[in-house]
Each structure stands twice: as C-alpha cells, then as structure tokens.
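K.L.:
Mind having a look at this structure? Questions to follow.
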Amino acid sequence: MKTVTLFSDGSCLNNPGAGGWAYILEFNGAVKKDSGGAAMTTNNQMELTAVIEGLKALKEPCEVRLFTDSSYVANAVNSWLDGWVKKNFIGSDKKPVKNIELWQEYLRVSRPHKVTASWIKAHNGHPQNEECDTMAREKATKFQNEADI
C-alpha cells in the first residue's frame with residue numbers, strides 16, 4: 001500500500017457564508033492540488049470537504065497521512081467517528097452530530113484507505129498548509145464576490 005500525504009484546509013467568510021476548500025496530495029515527489037467552494041457553508045463543512053475531495057482523488061487504496069489545522073477533523077478521524085457510527089451519529093451531548101451527510105461521505109471515500117490525521121497549527125509557516133489556506137480563501141472570496149453580483 002502506497003503512503004501519500006494529504007494536506008487540507010477550509011475557509012469560510014462570516015461562518016456561515018461563502019467558503020472554500022483546498023487540498024494538496026504528495027507522493028514520491030508528485031503533487032496534485034485542487035480547490036473549490038460553496039456560496040453558503042460553514043468552516044467545518046469546508047474543512048471536511050477538503051479531506052473528502054483529496055481522498056476521492058486517490059486512484060488506489062493508500063495509507064494516507066492527513067495534515068489539517070482543523071482539530072474538529074483530526075479528532076473526528078482519529079477518535080470520535082467510531083463512536084458516532086456506533087451511536088447512529090448521536091454525539092456525547094445526546095444530539096445528532098453536525099454534518100452527518102459529509103461524515104457519511106467521508107466514511108465511504110475513506111473505506112479503501114488507512115487514514116491517520118495529525119493536527120497542525122494554522123498560520124504557523126507550514127508551507128503546504130499555508131498554500132491550502134491561500135487556495136481555500138481565494139475560492140471563498142470568489143464565491144462571495146459572485147453572490148454579491
């Protein structure tokens with residue numbers, strides 16, 4: 001199984017509001033980047049969408065080392081998600097987990113892979129995280145500008 005590195009970030013203006021997501025995949029010197037967005041979303045939805053889109057770009061099962069500045073995504077991937085599934089997406093507060101549809105899609109696209117997430121501090125000089133942040137903010141701004149027309 002190949003080991004790939006996935007960097008991801010999401011951005012949301014006004015939260016909720018226009019948002020953007022971005023990822024960078026790296027494998028043996030090869031790099032793939034993509035980004036997108038939505039007119040009305042949240043920061044957590046964009047953070048999670050970035051990971052989903054990055055996983056969808058993989059052509060075969062991989063060991064995925066995910067680096068994200070979202071503690072929400074990192075904690076869910078590494079520990080919360082199993083409990084949510086067992087409890088039919090009811091959280092520890094006895095309320096439905098937010099973004100259920102996106103988490104279900106994450107489960108579907110991550111199934112062939114072995115994903116481990118690491119949290120990295122945002123805006124701390126990590127080159128790939130900074131690039132993802134820039135790409136995601138550009139998409140969020142684009143969607144906000146289109147909504148203003």
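Cβ coordinates come from backbone N, Cα and C, glycine included.
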K.L.:
Looking at Mg(2+) 1 binding as recorded in Swiss-Prot, which candidate out of Glu47, Glu101, Glu105, Glu138 goes with Asp9, Asp69?
P.N.:
Glu47
K.L.:
Expressed to the nearest Å, what is the distance separating Asp69 (Mg(2+) 1 binding site) and Asp9 (Mg(2+) 2 binding site) at their Cα atoms?
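P.N.:
The Cα atom of Asp69 (Mg(2+) 1 binding site) is 7 Å away from the Cα atom of Asp9 (Mg(2+) 2 binding site).
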K.L.:
On the three-state reduction of DSSP, what should I expect for Asp9 (Mg(2+) 2 binding site)?
P.N.:
strand
K.L.:
In whole Å, note down how far the CA of Asp133 (Mg(2+) 2 binding site) lies from the CA of Glu47 (Mg(2+) 1 binding site).
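P.N.:
Distance (Cα to Cα, whole Å): 10 Å.
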K.L.:
Using all protein chains shown, find which of the binding-site residues Asp9, Glu47, Asp69, Asp133 scores highest when you count other CB atoms within 10 A of its CB.
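P.N.:
Neighbour-count leader: Asp9.
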K.L.:
For the domain 'RNase H type-1' (1-141), what's the model's average pLDDT?
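P.N.:
Its mean pLDDT is 96.
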